[in-house]
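Engineer: Quick paste from Swiss-Prot:
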- ARG53, PRO54, ILE55, SER56, LEU70, TYR71, ARG72, GLY77, THR78: FAD binding site (BINDING)
- CYS221, CYS226, CYS229, CYS246: [2Fe-2S] cluster binding site (BINDING)
- 2-102: domain 'FAD-binding FR-type' (DOMAIN)
Amino acid sequence: MMQKQNMIVVNQKEIAKNIYELVLQGDLVQQMNDPGQFVHIKVAEGITPLLRRPISICNVDQDKNEFTMLYRAEGQGTKTLAKRKQGELVDVLGPLGHGFPVEEAESGQTALLVGGGIGVPPLYELSQRLVAKGVRVIHILGFQTKDVVFYEEKFAELGDTYVATVDGTHGTKGFVTDVIDSYGIDFDILYSCGPLAMLRALEGRYKERKAYISLEERMGCGIGACFACVCHLQADPSGHSYKKVCSDGPVFPIGEVVL
């Protein structure tokens, strides 16, 4: 159930180049039950920036009432958020959207989790949930270069983990699909989050497989009211049918929406 709460900053640190790990504490964490959901953050106490920023939920610790977000500080809003200090309050709206269907993976099956860049974080909570129900997980994490690689060790604690960098400075040189080809990786179910180019490449290969993708999209309201994040449905060539990434997604079955 969506709620709004001023949450306490427990810790914030830069874990890779311009990539920040922010831990917040508050009762809102008890509502965070579906990996792949996101929160809408008011990055500053004043009216500037006006719009909230959508950030995915990376890790949930309901015993401590804490959750972790990872984000890239690149625009005015996220750079402002990166300045928030321990003990300060952050206005959080969430959890929002529909997450990854953990129930679609069965114990004993193999799940392939593919993340690209800042699409990697929501896969961490998902992986933990899958492992807890006896699913074997394989992770492929794609980044531009070594300086922006993060959470490789944390994913490796949960299952086989491969890293690809476009420039070859760490792991396999190339894209996540190059890792799949190089190691002959197969799976029963696929979960993915990342840039559209990566999602399109996966859809081209696995449209007939059991697979779910999470879209990264700019949002205004985060609750389906402003229609800033609509995406069209593949089943309607006329383009009249659509879904909203913030409220209907961000996770969709592969092949459902136009990428």
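Here the Cβ of each residue, glycine as well, is placed from N, Cα and C on the backbone.
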Engineer: On a simple 10 Å Cβ count over all chains shown, which one of the binding-site residues CYS226, CYS246 is most densely packed?
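Structural biologist: When each Cβ's neighbours within 10 Å are tallied, CYS246 leads.
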Engineer: Count the Cβ atoms, other than its own, that fall within 10 Å of the Cβ of CYS221 ([2Fe-2S] cluster binding site), considering every protein chain shown.
Structural biologist: 18
Engineer: For CYS226 ([2Fe-2S] cluster binding site), what is the secondary structure by DSSP, using just helix, strand and coil?
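Structural biologist: For CYS226 ([2Fe-2S] cluster binding site) - judged by DSSP and reduced to three states - the answer is coil.
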Engineer: Compare the Cα of CYS229 ([2Fe-2S] cluster binding site) against each of the binding-site residues ARG53, ARG72, THR78 and report the nearest.
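Structural biologist: Smallest Cα separation from CYS229 ([2Fe-2S] cluster binding site) among ARG53, ARG72, THR78: ARG53.
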Engineer: Roughly how wide, in whole Å, is the group ARG53, PRO54, ILE55, SER56, LEU70, TYR71, ARG72, GLY77, THR78 that binds FAD, by largest Cα to Cα distance?
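Structural biologist: Comparing all Cα pairs, the maximum is 15 Å.
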Engineer: To the nearest whole angstrom, state the Cα distance for the pair CYS221 ([2Fe-2S] cluster binding site) and ARG53 (FAD binding site).
Structural biologist: 9
Engineer: An 8 Å radius from the center of the ARG53, PRO54, ILE55, SER56, LEU70, TYR71, ARG72, GLY77, THR78 Cβ atoms defines the neighbourhood of the FAD site; name the other residues of that chain inside it, in order.
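Structural biologist: Everything else in range on the chain: ILE41, MET69, LEU81, ILE118.
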Engineer: DSSP on ARG72 (FAD binding site), three-state: which is it?
Structural biologist: strand
Engineer: Mean pLDDT for the domain 'FAD-binding FR-type' (2-102), rounded to an integer?
Structural biologist: 95
Engineer: What kind of secondary structure is CYS221 ([2Fe-2S] cluster binding site) part of, going by DSSP in three states?
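Structural biologist: In three-state terms, CYS221 ([2Fe-2S] cluster binding site) counts as coil.
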